[in-house]
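Trainee: There's a structure below that I have some questions on.
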Amino acid sequence: MDKKVLIKRFSEAIEKGNAAIFAGAGLSMSQGYVSWPELLNDPATEIGLDSKKETDLVTLAQYYKNENGGSRGILNQILMDNFGEELEISENHRILASLPIETYWTTNYDHLIEKSIREAYKNPQVKKNYTQLATTNPNVDTIVYKMHGDIDDVSSTVITRDDYEKYDDDSYALFKETLKGDLLTKTFLFLGFSFTDPNLERILSDIRWVLRENQRPHYCIMRKILKENFVDSEDFFDQERYNYELTKRRLQINDLSRFSINVVEVDDYSEITDILKSIRKKYLRKTIFISGSAVDYTPFTSESKGLKFVEKLAYRLSESGYRIVSGYGLGIGNSIVSGVLKQRRNLRKNNIQDVLSLRPLPLDMPHEWRRYRENIIAESGISIFVFGNKLESGEIVTADGMIEEFELSVQNENIVVPIGFTKGASKVLFDKIQENFSDYFDDSLKSKFQALEKLDTEGEVDKKVEQIVSLINSIQED
């Protein structure tokens, strides 16, 4: 599957509020936690086996438990030794936590997912056993389902065949039914997952049996089988084993398609980070930050005509499916709200929370303004600048706050679109982009951008609004 398709489809799922993540061991290994073969290396050696040669590691853990008189005490200690330490979260965790993803499933015992969510100033609810499934915290932002338990309750973790068989009990079956429900109603992205978990395989089979070809599409990112991984210390390349693993991967990808899981293969794990960044960028570009302030509405001949332009712009952006965030700038804030409200009213929808976010600056706390601006802009992927003037000592001057918002937008990797014909700071910023256009836009968009420099007559306001929307839509296709 082409990664551009994955980026497009999963960002759309986030926008619709039905995206979910399924995290396997690979998501944590980059930070220093061990893989299953590494975890069971010493136990396997003790009972005369080699964890690197075993594919059924659940049974290997069961064998070790059996050889220790049916006690899993030593296994519990091995888990504590390997997962008890709190490690730093990865960039991938941070990217995911920054997105409005409300559901995580994981087989990992560590705390990296919930830790990253808290660092993003969100409140996760962790459900690590079946007794917690029926309760939901009303103030929760994200639910993290830990279907194999948590290192803080090591004796309840799932690692042996005995533990997996508990999922056939009525109590543990609730976890399976909850996951089935999410797989039916949400779009999952599987990360760091090998698809060797017997519970998940049975759940996917149950869904496939019921829905047949009507299953919901899901996505997975896997690293390619690379030749360099089959070269030993003496530079001997094991062609036979390499070909075997290639064939096995091809068959696995084909098998996953039965469950409507589409696989994207990458050459290097760093590409996963790039894909997640692209997903975030694609999602954020559906949210537009409108920066502006005005006491003078030149080139318009009256304040009402200038405000009408802002209202029409907000209306058309909302109508085109964009969410708007604004600091409720001086002289334009009401018009932004009015434009969005009118568009929603035409759709017979009164709720505007999902399409408009207002974050006025605390006027009595100027020392906090930069942080407020950073937080507002971080919600968006495109910044539009209109007008940009204010009164200072009785004179109309350029709004320096808009210049700062431009700089913060660039820092946030936003696409920046100053509407040059509205003068003030917007014209200053428009000229700045003109000087080094390729630093901000693809050259193919130059004519569309330059069309925003002048307003010949007030009668062409509707035309200018359409030109702005057309430029924004073209950016989405980039």
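Residue positions begin at 1 at the first shown residue.
Keep in mind that glycine also has a Cβ here, set from the backbone N, Cα and C atoms.
Look at Swiss-Prot and you will find His148 tagged as active site, proton acceptor, backed by similarity to another entry. The NAD(+) binding site feature in Swiss-Prot is assigned to Ala19, Asp110, His148. Under the heading 3'cADPR binding site, Swiss-Prot lists Gly292, Ser293, Leu330, Arg373, Lys390, Gly401, Glu405, citing similarity to another entry as support. Per Swiss-Prot, domain 'Deacetylase sirtuin-type' is recorded for 1-287. Under the heading region 'SLOG (STALD) domain', Swiss-Prot lists 288-478.
On this model, are these features tucked inside or out on the surface, and what's nearby?
Mentor: When other Cβ atoms within 10 Å of the Cβ of His148 (active site, proton acceptor) are tallied across all protein chains shown, the result is 18.
In sequence order, Ser28, Tyr33, Phe83, Leu87, Ile151 make up the list of same-chain residues 6 or more apart from Asp110 (NAD(+) binding site) whose Cβ falls under 8 Å from its Cβ.
Taking a C-beta cut-off of under 8 angstroms and a sequence separation of 6 or more, Leu330 (3'cADPR binding site) has the following same-chain neighbours: Ser293, Ala294, Val295, Lys390.
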Trainee: If you measure every Cα to Cα distance among Gly292, Ser293, Leu330, Arg373, Lys390, Gly401, Glu405, the residues said to bind 3'cADPR, what is the biggest one in Å?
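Mentor: The span, Cα to Cα at its widest, is 18 Å.
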Trainee: What is the maximum Cα to Cα distance, in Å and rounded to a whole number, among the residues Ala19, Asp110, His148 annotated as binding NAD(+)?
Mentor: 22
Trainee: Cα-Cα, whole number of Å: Arg373 (3'cADPR binding site) versus Ala19 (NAD(+) binding site)?
Mentor: 28
Trainee: Distance between His148 (active site, proton acceptor) and Ala19 (NAD(+) binding site) at the Cα atoms, whole Å?
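Mentor: Pair distance, Cα basis, whole Å: 21 Å.
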Trainee: Through the lens of DSSP with three states only, how would you label Asp110 (NAD(+) binding site)?
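Mentor: DSSP assigns Asp110 (NAD(+) binding site) to coil.
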